[in-house]
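S.K.: Per Swiss-Prot, the feature NADP(+) binding site maps to 10, 11, 12, 13, 14, 15, 33, 34, 35, 74, 75, 76, 102. Taken from Swiss-Prot, the feature substrate binding site covers 102, 128, 129, 130, 186, 187, 191, 260, 287, 445, 451, and the record attributes it to similarity to another entry. Positions annotated as active site, proton acceptor by Swiss-Prot: 183. Residues or ranges marked as active site, proton donor in Swiss-Prot (evidence: similarity to another entry): 190.
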C-alpha cells in the first residue's frame, strides 16, 4: 500500500486549508483530527481530493513516507504539547514535526531542544495570510534544524505565496525559535499598521468630517501610491460595505478591538531585549482601552476636553495625514527590524533581514509595496543599524516629518487620540538626538540608590554623596 508524502494534524480552518493547498500541488496528504467528526467533515466537503483520513494517531503516523513529515495546526500552548506527546510513541528518529501554529517562540525553543534530544526534528514555522492565504499561498517562516528544513522545503516553496518577481515567500529563518519569533514581530508590525490606519481614520473623520464614500476614495488613492498594501486595500472596501438594512457596517460595529496576545508578546520581548519598540507597543494599548467601553462611556460624561475644529484645506490635510502615515509606517518597521537584529544577536540566529522582508511581500497580512524598499536597504548595507539611516528612508523622513509634526499637533490640540503617530515622532526625535535628558535620570538613580554614573569629561565610573 502506497504511503502519503505528508500528514496534517488539526482540521480547523487553517489546517484544513493548508492540507488542501498541499494537495493541490500534487502531493498526497494524510489528515487527522482529535475529533473524528471534523475529519469526516473535511473529507465529505472535498470529494475527489488526495486527502486520506485516519482516525487513530498510530494509523496516521504509519501512513506516511519516511522520514515522516507532519504538520501540526493545533491550538498553541498545551494543545501543541499534547499533540506532540501523542505522536512520539509512533515516530522514528529523523522524523520531522512542523508546528505551524501561532506559537510563542520560547515554547518552540524548548520543544526543539526536547525533541532533538530524542532524535526527532522540529521546525517551528510562522504562517501568515489567514485562511485565504493558507489555501492559496501564505508567507511562511520556518525555523529549526537546517537539514530538516531542506527535507520539507520543496513542499513549503510550492504552497507559499509568490511575489511579483516570481520568488516564493518562504525562506529558512534560523535555528530553533527563529521562525516563530519573526512571525511574532510580523504580528507586532501588523498591530502598528492597523492602529496607524485607525488613527488616520479618526483624523479624517474628526478633522474633515469625510463621509464613508470619501474615506473609501481617499484610501483607494493612497493604495495606488507609496502606501499600497493589503491592509489599505481591504480598508477601502470596509468603508463602503453596507448591512442588510442599508447601514454602513463599519459605523455600527462596536468600538472594541480584540487581540490574541501576539502583539503583547512582541512588546514583552522588546523589554527583555532592551529595545525601544515604542510605536508597536503603543499600538497594543488602544485595544485594551477600547475594551473598557462602559468606563469610557461614563468618563465621556464627566471628563472635559476640546472638540475637534475643522482641519483647514481638505486636500492639504489629507496629504499631511498620508505623509504622516507613511513616515509612521517606516518608524514602525524600523523598530520591528531593529528588534529582530537584537533578538538575532541574543539567540545566535544569524537572521537575514533582506530575505525576511522579501517573504513579507506577498501572502501575509502586512504585505506591502514598500517592503521591497526594506529588502533593497539591507541588500545595499546588511549591517545597517536602523532602517531610518538607509538613504531612501532618511529622505522620506526629511521630506515628511513636518507633516507628521503638524498632524500630531493638530490632534493633541483637538482631542483626537493618536498614540502611534505621537510615538513615531517621539522615537524619531529621540533617535536623532545626540544628547538626551537621561543624565538627570542617572543622577537621580545615583542619589537615591548609589547606582553610579559615567561622565562626559572623564573616564571611569563615579558615585556622589549628594547631601554633603
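Cβ coordinates come from backbone N, Cα and C, glycine included.
Describe the structural surroundings of these features, if you would.
M.R.: In sequence order, 33, 72, 73, 74, 83 are the residues near residue 10 (NADP(+) binding site), counting only same-chain partners six or more apart with C-beta under 8 A.
DSSP assigns residue 102 (NADP(+) binding site) to coil, not to a helix or a strand.
Around residue 183 (active site, proton acceptor), the same-chain residues at least 6 positions away in sequence with a Cβ under 8 Å from its Cβ are 102, 126, 127, 128, 141. Secondary structure from DSSP puts residue 183 (active site, proton acceptor) in a helix.
Around residue 190 (active site, proton donor), taking its Cβ as the centre, 22 other Cβ atoms fall within 10 Å, counting all chains.
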S.K.: Say we define neighbours as other CB atoms within 10 Å of the CB. Which of the binding-site residues 33, 35, 102 has the fewest?
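M.R.: Candidates: the binding-site residues 33, 35, 102. Fewest Cβ atoms within 10 Å: 35.
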S.K.: Given the binding-site residues 12, 14, and counting only Cβ atoms in the protein chains shown, which has the most within 10 Å of its Cβ?
M.R.: 14
S.K.: Are there any residues in the same chain, six or more apart in sequence, whose C-beta is under 8 angstroms from the C-beta of residue 129 (substrate binding site), and if so which?
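M.R.: For residue 129 (substrate binding site), the qualifying residues are 136, 137, 138, 139, 161, 363, 364, 365.
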S.K.: Whole-number Å distance between the CA of residue 12 (NADP(+) binding site) and the CA of residue 186 (substrate binding site)?
M.R.: 23
S.K.: Taking 10 A as the limit, how many CB atoms besides its own sit near the CB of residue 75 (NADP(+) binding site)?
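M.R.: A 10 Å sphere around the Cβ of residue 75 (NADP(+) binding site) contains 14 other Cβ atoms.
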S.K.: Taking the residues 102, 128, 129, 130, 186, 187, 191, 260, 287, 445, 451 listed for substrate, what is the greatest CA to CA distance in Å, to the nearest whole number?
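M.R.: 49 Å is the greatest Cα spacing among the residues binding substrate.
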S.K.: About how far apart, in whole Å, are the alpha carbons (Cα) of residue 186 (substrate binding site) and residue 14 (NADP(+) binding site)?
M.R.: 18
S.K.: In the three-state scheme derived from DSSP, which category covers residue 35 (NADP(+) binding site)?
M.R.: coil
